[in-house]
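S.K.: Grabbed the feature section from TrEMBL, which reads as follows:
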BINDING   Lys95, Lys96  ATP binding site
COMPBIAS  1-13  compositional bias 'Basic and acidic residues'
DOMAIN    66-141  domain 'Protein kinase'
REGION    1-34  region 'Disordered'
Amino acid sequence: EKESIYLEDFNYKEEDDEDRHDIPHNSASSTDKDIRKHVKKIISEFIVSKELFIKQRIGDITKYYEIDQTPIGKGSFGVVYMGIEKDTLEKRAIKKIEKINIRNKKRFFTEVQCLKTLDHPNIIKLFELYEDERYIYLVQE
């Protein structure tokens with residue numbers, strides 16, 4: 001099974017050469033065809049993780065969303081409101097979580113990390129994460 005590629009994998013250091021793919025160098029023995037073939041192989045193995053596309057912003061969520069102040073639900077961590085993205089007019093569920101109520105920060109952020117990576121029709125999708133001085137906002141489908 002193929003693994004996700006994270007940004008830190010792209011931090012190239014010269015001493016990492018032996019761990020990298022052997023890219024054909026411009027020499028008499030390598031041809032453009034060999035190089036194209038090798039690049040195709042690398043690209044075919046390349047998988048971009050979903051979590052790279054989930055925005056994390058610090059600041060005022062109301063710059064990006066109109067949020068109805070009538071709660072549509074309540075969970076163990078916070079209250080859920082209906083929000084409309086100002087640019088696209090897409091409706092989103094926005095879970096507003098007071099930071100002071102997060103007892104186990106490591107567990108909370110582990111769960112958020114799981115939501116960022118999951119993509120299944122029976123699991124709610126996480127689109128964005130906002131944080132201000134008092135709250136964390138999870139923007140979900």
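Every residue gets a Cβ built from N, Cα and C, even glycine.
Note: TrEMBL annotation is automatic and uncurated.
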S.K.: Treating G and I as helix alongside H, and B as strand alongside E, what does DSSP give for the domain 'Protein kinase' (66-141) in helix, strand and coil?
M.R.: 16 helix, 36 strand, 24 coil
S.K.: Please list, in sequence order, the residues in the chain of Lys95 (ATP binding site) that are at least six apart in sequence and whose C-beta is under 8 Å away from its C-beta.
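M.R.: Listed in sequence order: Gly75, Phe77, Gly78, Val79, Val80, Tyr137, Leu138, Gln140.
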S.K.: Lys96 (ATP binding site) has how many other Cβ neighbours within 10 Å of its own Cβ?
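M.R.: So the number of other Cβ atoms within 10 Å of Lys96 (ATP binding site) is 19.
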S.K.: Grab the pLDDT values for the domain 'Protein kinase' (66-141) and give me their mean, rounded.
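M.R.: Mean pLDDT for the domain 'Protein kinase' (66-141): 89.
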